[in-house]
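Worksheet: one structure, shown below.
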Amino acid sequence: MSHFLIFGLLLATCSIAFASDPSPLQDFCVADPNSQVLVNGLVCKDPKLVQANDFLFRGLNVMGNTSNDVGSNVTQVTVAQVPGLNTLGISMARIDFAPMGINPPHTHPRATEILTVIEGRILVGFVTSNPENRLITKLLEKGDVFVFPKGLIHFQKNIGHGYAVAIAGLSSQNPGVITIANAVFGSNPGIAGDILAKAFQVDVNVVYKIQSKF
């Protein structure tokens with residue numbers, strides 16, 4: 001095999017390994033939410049109409065409302081909030097936790113997440129794919145950083161007695177989120193009870209009880 005062919009294969013492998021959102025082909029492509037054209041992403045606004053506010057988000061210093069069943073709040077900063085993120089392949093979020101609050105098991109189908117603890121002590125973890133389903137978990141202190149690989153189920157829990165805050169960076173302008181319990185038990189229309197009962201190896205009435213909470 002020639003050196004050129006080997007180099008080509010290595011280059012192709014690296015391109016696949018580092019693939020994420022498409023790379024921009026110009027300085028910026030500020031999203032135009034009013035366009036009727038459907039593309040994989042969002043259509044660009046006329047560059048002559050772009051303003052500084054297209055790249056701005058205010059309020060990440062404001063604590064989110066954690067008065068809910070899970071005791072957490074996620075303030076997203078994606079392309080929906082900052083049109084200038086379109087095609088740039090990044091976004092972020094602030095996660096607030098009440099004492100003992102959780103960010104329940106979920107996945108980001110389009111992004112890897114890197115999380116930094118700003119305040120408090122947070123237990124984090126993710127589960128590897130089948131068949132191992134290995135739980136990888138760590139207790140994080142203020143200033144610690146942890147990575148959740150793209151697409152894997154992960155969670156966070158505040159184990160301190162006070163409020164906790166974390167900042168997350170994500171490798172997509174629109175990472176998406178699938179909260180496992182909501183998706184499985186709160187789908188619309190609902191998944192048939194007998195299917196979930198067999199999947200979770202429980203009585204169907206247990207499934208109906210859980211579904212009633214979503």
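For all residues, glycine too, the Cβ spot is worked out from N, Cα and C.
Taken verbatim from TrEMBL:
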SIGNAL    1-19  signal peptide
DISULFID  Cys29-Cys44  disulfide bond
DOMAIN    58-208  domain 'Cupin type-1'
BINDING   Asn103, His108, Glu113  oxalate binding site
BINDING   His106, His108, Glu113, His154  Mn(2+) binding site
Number of Cβ atoms other than its own within 10 Å, given for Glu113 (oxalate binding site): 24
Surrounding CB atoms that lie within 10 Å of the CB of Cys29 (disulfide bond), all protein chains: 22
Residues within 8 Å of the Asn103, His108, Glu113 Cβ centre (excluding the oxalate site residues themselves): Ala93, His106, Thr107, Ala111, Leu115, Phe148, His154, Ala168, Leu170, Pro175, Val177
Mean of pLDDT values spanning the domain 'Cupin type-1' (58-208): 97
Remaining residues near the recorded Mn(2+) site, that is with C-beta within 8 Å of the centroid of the site residues His106, His108, Glu113, His154: Thr107, Ala111, Phe126, Phe148, Leu152, Ile153, Pro175, Val177
Fewest-neighbour residue among binding-site residues, criterion Cβ within 10 Å, set His106, His108, His154: His106
Spatially closest candidate among Cys29, Cys44, His154, the listed recorded positions, to His108 (oxalate binding site) (Cα to Cα): His154
Neighbours of His154 (Mn(2+) binding site) among the recorded positions Cys29, Cys44, Asn103 (Cα to Cα, within 10 Å): Asn103
Under 8 Å by Cβ from Cys44 (disulfide bond), counting only residues of that chain that are 6 or more apart: Cys29, Val30, Ala31, Asp32, Asn86
Cβ neighbour count (within 10 Å, all chains shown) around Asn103 (oxalate binding site): 26
